């Protein structure tokens, strides 16, 4: 199984890029994680939030791979503690297909995309900047991987 973070975004602050790169370097070939960034749809005057969601959704869907499990990050999603998230990743490994962890644009995911997704997960009930969500997700996947592999990074 390959895990991939698929997200809408443009340039992030240097601290986000540095943090994400630091964690991405820690993954092994046995448990790879990659980052795939898609440019946000152009914002035009008069576009509604729903139109922006749909435009970003179409860009994300175009980047999905056949048979890839789609897991959306969404405030309505299930929240996991570290061990619960690690257990979820282990289950994805057993189920087989590759997984795309998808972070939407500033307006979130469209209703149709939420229904299409295999599942929704939430990092927090709070709203956070896109870059922070990206860094936090990559760190949490790394943390879960260390739990699965018995590495001492995570401490209960």
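Positions of Cβ are set from backbone N, Cα and C atoms, glycine also.
Cross-referencing 64, 73, 94 with the S-adenosyl-L-methionine binding residues that TrEMBL gives (104, 123, 124, 125, 126, 127, 128) picks out 73. Residue pairs drawn from 73, 104, 123, 124, 125, 126, 127, 128, the listed S-adenosyl-L-methionine binders, are separated by up to 16 Å at the Cα level. Other Cβ atoms within 10 Å of the Cβ of residue 127 (S-adenosyl-L-methionine binding site) number 8 in total over all chains. Cβ crowding, taken as the number of other Cβ atoms within 10 Å, peaks at 104 among the binding-site residues 104, 125. Each of the binding-site residues 123, 124, 126, 128 was assessed for Cβ neighbours inside 10 Å, and the highest tally belongs to 123.
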